[in-house]
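The structure appears below as C-alpha cells.
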Amino acid sequence: ADTIVAVELDSYPNTDIGDPNYPHIGIDIKSVRSKSTARWNMQTGKVGTVHISYNSVSKRLSAVVSYSGSSSTTVSYDVDLNNVLPEWVRVGLSATTGLYKQTNTILSWSFTSKLKTNSIADENSLHFSFHKFSQNPKDLILQGDASTDSDGNLQLTKVSSSGDPQGNSVGRALFYAPVHIWEKSAVVASFDATFTFLIKSPDREPADGITFFIANTDTTIPSGSGGRLLGLFPDAN
C-alpha cells in the first residue's frame, strides 16, 4: 500500500470511521482516521486558501484554512516525517464525491521544499507555482477524473459541461518531479504548500472533500478509495 501523509478538508462527516460530526480539517498519517482535527466553517461558493507547513526542527505539521473576511481554522500535529515517509516522494491534491457531491476546483497551487545540510552545497530546494493550469499540463500527473478546464482551473472531480458537480468521482493531480523530502545529513528539512479552492454544491450536504497529500513516488489511486476515503486509502483502518 502507499505511504500517505495528508491534510484533509473533509466536508462530509463519516462518524463511523471516526470523523467528528461536522465538516473539519484534519491531519492524516497513513490512515484516513485523522490524528488531529478542527471544526471547519466551510463556505460554499467562496474561494478559500489553505496554507500547510512543516519543519524538521519543531517536527510540527500544521495547516490553516481561511476565507477572506472571516476567521481561519488551524490544525496541527507533531510528527517526524523521516520516520513515516520515504526519502523521495511526490506531492499532490486529491478529491472525491459520493452520493452527495461538490465541485473540487483548484485555482492555484504552490509548493516549496528545502533541505539544509552542513555540506558545501548548503541547500537543496524545489519550488513550483501554478496560478493557472494549462489545458494539457506537462508538469502534472493527472489521475482518475482530474482535468484542467478552459478557465485555467484544475477540476479534481468530474463536472458537467455546465459546471455542475458529478457524484461518485475521484481524481488526483501530482507534481511531475519527485521531491527530496528528507535526508539523513540534513540539519533542517522543511516545506510549505499553499492552494486556493472553490467548493460549490447543489446538495444540502456537500461531499466528500479535498486533500493535499505526500506519498511514495509511484503512488496511484487505490481501488475502492472513493467517497469518504478521499482517493488516498484502500480502506478505513
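For all residues, glycine too, the Cβ spot is worked out from N, Cα and C.
The model shown is predicted, which means the values in this text are computed figures rather than measured ones.
Binding of Ca(2+) is annotated in Swiss-Prot for D10, Y12, N14, D19; the matching candidate from D208, D218, D235 at the same site is D208. Each of the binding-site residues H24, R228 was scored by the other Cβ atoms within 10 Å of its Cβ; the lowest score goes to R228. Note: the CA-CA distance between E8 (Mn(2+) binding site) and G227 (carbohydrate binding site) rounds to 13 Å.
Counting neighbouring Cβ atoms within 10 Å of each of the binding-site residues (Y12, Y100), the lowest count belongs to Y100.
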